[in-house]
Amino acid sequence: MTQNMTVTRATFDEVMVPNYNPAKMVPVKGEGSRVWDQEGREYIDFAGGIAVNCLGHCHPAMVKALTEQGNKLWHLSNVFTNEPAIRLAKKLTESTFADRVYFANSGAEANEAALKLARRWALDKFGPEKDQIIAFTKGFHGRTFFTVTVGGQPAYSDGFGPKPGGIEHVAYNDLAALEKQMSDRTCAIMMEPLQGEGGVISPDADFVKGVRELCDKHNALLIFDEVQTGFGRTGSLYAYQQLGITPDILASAKSLGGGFPIGAMLTTKAIAEHLKPGTHGSTYGGNPLACAVAEAVYDVVNTDEVLQGVKHREKIFKQKLAEINAKYNVFKDIRGQGMLLGAELADQYEGKARDFLNAGGEEGVMVLVAGPSVIRFTPSLVIPEADINEGLARFERAIAKVVG
Ligand SMILES: *Cc1c(COP(=O)(O)O)cnc(C)c1O
């Protein structure tokens, strides 16, 4: 086998486990918000690697951090600490409610750590009866068996044998239902401060405040899964910072590494103390390479220029989508926050989000779906206005094709 052997999308089916069904084209290169495939065709990227590539592809600050660290030190394990990890943790604690950080390699792992910490905290402080975890229907928290069971889509957690217990679900934005489920047995509530995979659903302001109050009333921890909403995505470093409440534990990943795999769990000093030496860990979590890249991403993202730019781009995007909709009447709702936007299809196109995604690909624009009837846009936080215009012009052609 040589490095230059020819592989195609067809090879995928011969060598990969069939749990994914990727697009027909194979991307080979990216720069900013543009991507090229094996045939040299160019695409505008509104998918951003599913809300990961927050600075687009191959941003110079990330490439610099990666190459510099790549020539210094890649991996040590947690037998040793390292400077990039400590620096990144310092920056994260300085700019959030948190005093302590645990590094992982993905969103699921950050959430897994959050859930295990909550259970251990409750056990230490209140005893084994306090084990109930409540989460929300349509929520998504990752694919480990614990996190996927806490996620509110049974289709993802069924079929793998006995599930972790003590987990219950109520409808998002239904405070009365949550209040009914909660008691002093409740250990933690896990929620996204804006449901991403579940259809780009914002929480009502009263709902979030109510959840916080119920957690306080019953001595339960509030865990915010900010894997998708975090790191500038909604126009503040974390979404909770615009909601007027503070969680007890927060999970971050996706944009945190800008494309390099890393996850983080943030919490307070008092809660962190319950994750004593040996209680949890990861071989790669907090490795210098990932942390050096994430630090570079942080330095660019956590600036007024970028965060206010996200709000500005949200306005342009929503405005243009509304203009397209005025012509074609395909959406019944255009929603979301920052660069995490959703367009829900009108009733006559219900269940057809994938058709629009595929047509977009044919016209040279990459978009996402969030469920069967919502088109999702999670582009780079610094996508140039010209790329927004060009990408949406292409998407308009895709819409014309589908509705035509
Ligand atoms: C993507 C996502 C996850 C899972 O992250 P992985 O890195 O795929 O494990 C968890 N929670 C939310 C809200 C997500 O969007």
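Backbone N, Cα and C define each Cβ position, glycine as well.
Noted in TrEMBL for the protein shown:
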BINDING   Gly107, Ala108, Phe140, Asp225, Glu226, Val227, Gln228, Thr283  pyridoxal 5'-phosphate binding site
BINDING   Arg143, Ser282  N(2)-acetyl-L-ornithine binding site
MOD_RES   Lys254  N6-(pyridoxal phosphate)lysine
Residues that sit under 8 angstroms from Val227 (pyridoxal 5'-phosphate binding site) by C-beta distance, when 6+ apart in the chain: Gly107, Ala110, Asn111, His141, Gly142, Glu192, Ala251, Ser252, Ala253, Lys254, Gly263
Residue among binding-site residues Gln228, Ser282, Thr283 with least C-beta crowding, 10 angstrom cut-off: Thr283
Assigned conformation of Thr283 (pyridoxal 5'-phosphate binding site) - DSSP reduced to three states: coil
Distance, Ser282 (N(2)-acetyl-L-ornithine binding site) to Asp225 (pyridoxal 5'-phosphate binding site) (CA atoms, angstrom): 19
Nearest-integer angstrom distance between the alpha carbons (Cα) of Thr283 (pyridoxal 5'-phosphate binding site) and Arg143 (N(2)-acetyl-L-ornithine binding site): 19
Recorded positions listed as Arg143, Lys254, least Cβ neighbours within 10 Å: Arg143
Residues among the binding-site residues Ala108, Phe140, Glu226, Ser282, Thr283 that border ligand 1 - Cβ under 6 angstroms, in sequence order: Ala108, Phe140
Cβ neighbour count (within 10 Å, all chains shown) around Ala108 (pyridoxal 5'-phosphate binding site): 23
Inter-residue Cα distance where the pair is Ser282 (N(2)-acetyl-L-ornithine binding site) and Ala108 (pyridoxal 5'-phosphate binding site), in Å: 13
